Amino acid sequence: KQFTKCQLSQVLKSMDGYKGVTLPEWICTIFHNSGYDTQTIVKNNGKTEYGLFEINNKMWCRDNQILPSRNICGISCNKFLDDDLTDDVMCAKKDLDSEGIDYWLAHKPLCSEKLEQWLCEEL
């Protein structure tokens, strides 16, 4: 599914303020990772990254490419490609708990200041 900024802001409201990360920071980071498209798959340094949050198959989810995956989220990577973001959010929070927001490389250079453009006026 291709989300808009406002659709995604609505769905991800529960992430606002989690571990000190604001919703606009998430919206910006997701935009730079996946362009708000749940079908995103990126091959990167021998890993494959899935979905809005670019969750990878080396640490967080399992697919049939890398054996063994640590599979910290205990889930198939393909679950991050569907329209239900519940499991994506759960795994992204685990990722954040473990690694911090700068684990998403777009965050620090692109999403740590001047965040007004990432707010949804409709909320």
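Cβ atoms here come from the backbone N, Cα and C positions, even for glycine.
Here the candidates are Cys77, Cys91, and Swiss-Prot names Cys91 as the disulfide partner of Cys73. Take the CB of Cys73 (disulfide bond) and look out to 10 A: across all protein chains shown you find 23 other CB atoms. The two recorded residues Asp88 (Ca(2+) binding site) and Cys73 (disulfide bond) have their Cα atoms spaced 9 Å from each other.
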